[in-house]
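Here is what TrEMBL records for this protein:
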- 12-50: repeat 'HEAT' (REPEAT)
- 89-127: repeat 'HEAT' (REPEAT)
- 134-172: repeat 'HEAT' (REPEAT)
- 173-210: repeat 'HEAT' (REPEAT)
- 216-254: repeat 'HEAT' (REPEAT)
- 255-293: repeat 'HEAT' (REPEAT)
- 294-332: repeat 'HEAT' (REPEAT)
- 419-457: repeat 'HEAT' (REPEAT)
Amino acid sequence: MAGADGDDSLYPIAVLIDELRNEDVQLRLNSIKKLSTIALALGVERTRTELLPFLTDTIYDEDEVLLALAEQLGNFTMLVGGPEYVHCLLPPLESLATVEETVVRDKAVESLRKISQEHSPVDLEVHFEPLTLVMPTLRQAAEDKSWRVRYMVADKFSELQKAVGPEITKNDLVPAFQNLLKDCEAEVRAAAANKVKEFCENLPEDSREQIIMTHILPCVKELVSDTNQHVKSALASVIMGLSTILGKDNTIEHLLPLFLAQLKDECPEVRLNIISNLDCVNEVIGIRQLSQSLLPAIVELAEDAKWRVRLAIIEYMPLLAGQLGVEFFDEKLNTLCMAWLIDHVYAIREAATCNLMKLVEKFGAEWAQNTIVPKVLGMANDPNYLHRMTTLFCLKLYWLLFFENTFVACGQDITTKQMLPVVLKMSNDQVANVRFNVAKSLQKIGPVLDSNALQAEVKPVLEKLATDTDMDVKYFAQEAISEPLSHSSLITSLATAAL
């Protein structure tokens, strides 16, 4: 074997070279995982002078091999002679930190951070810190032919900005960031768009507004109408935050038109991201200006001819209501929410019903009793039977809400005095669908009624419906009679749950 050549000490490095050049990836991977053993056999000096240069020169392989190498080198300090020589590990790790595969770069950076703690202060300044001299590499990476490299630059841009300081940011990073916002690949633009607010926040205070208005905002305006929905969505999630940076006047003049454009975007996620951040703008320009500018767009969407657009706005309404407050909501948006209850599309009516329940949870039972319940009960006399059924659907959800939140006293009072008489009257409706929904509603009403009301008012109506000529009405009435839930049993169940 190697002893025949007179130098057994060459055998480990010879095996390493042979295995690293083997066509079998697994053999190459196994060899890398044995690096510590090989380094021990070679000794610290030969590891520094032979093994590390060899590894640095041969960093071209499958990602899993490079990943293993990056991890191994992070534990090599003692194998190269301790902290005095740990800087020898920098060249191969620096090369690994520039490869295309993300996981390899991340592992190399992790190992670099690990060995940085093992440098002496002097060596850290002499050998390690020159690696923070990143601008030549950064410029090259920001223009790299591989979009994945440019993507990583965009993704880590805020960290780079904090590392290099204000002067380099103004002179070098602003142009680089502009290029990333205009990149030909949507993934890169999206990553850069997601960093717009953070990048602007970290700009030097003395020149922040000028840089944003001159260099960043023109790019942002282009991204608002980007062809890729992920880019627009990423921008919409952060763009509202620019209002707190640029102030009231700039927000009204330059940002509000962009917000309005995104509020009308065909992509639901874009609209959601804008609406979910309205509080940022509200803090800067106030609710009056916000209502004058954005409310018309919201109303327009709420009345859009496409029912899916209307549905999207309904889903955002509880979030919007929470941001704008109950007084503004009652004044500006309540009418819209009630109008959706009589929409000609069932999906809209159903969503509007659920929307009201979420608003009740947000604004409270007293608000519901004063604002919503009277309007819902008024629909019981609507000529359209579909609207009358919506009344029952709303009431059933109210009872469920009272039950789940244990608003028993409040729920009982509202139910007995306001809701129950209306539901009982609807048991005489000419449409069978309404009557069997009355039976289903009365089955749900039990938890918030006392036994007197159940026996004196509900039971006779259910018995009458149980003899109805319509089979569905009869079925649901009989089911309600056979499975009544009294107020006392509700209290028992709540007490058991509390235990």
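From the backbone N, Cα and C atoms, a Cβ is placed for every residue, glycine too.
Automated prediction, rather than curation, is the source of TrEMBL annotations.
Note that the structure is predicted; figures quoted are calculated from it, not measured.
Below 8 angstroms of C-beta separation, residues 138-139, 142-143, 147, 150-151, 153-155, 157-158, 160-162, 164, 166, 216, 219-220, 222-223, 226-228, 230-231, 233-235, 237-239, 241-242, 245-247, 250 of the same chain, each at least six residues beyond the ends of the repeat 'HEAT' (173-210), sit close to that stretch. Note on the repeat 'HEAT' (255-293): residues 220-221, 224-225, 229, 232-233, 235-237, 239-244, 246-248, 300-301, 312-313, 315-316, 319-320, 323-325, 328, 332 of its chain, located 6 or more positions outside it, place their CB under 8 angstroms from a CB of the stretch.
According to DSSP, the repeat 'HEAT' (255-293) comprises 33 helix, 0 strand, 6 coil. Mean pLDDT for the repeat 'HEAT' (12-50) in this predicted model: 80. Across the repeat 'HEAT' (294-332), DSSP classifies residues as 34 helix, 0 strand, 5 coil.
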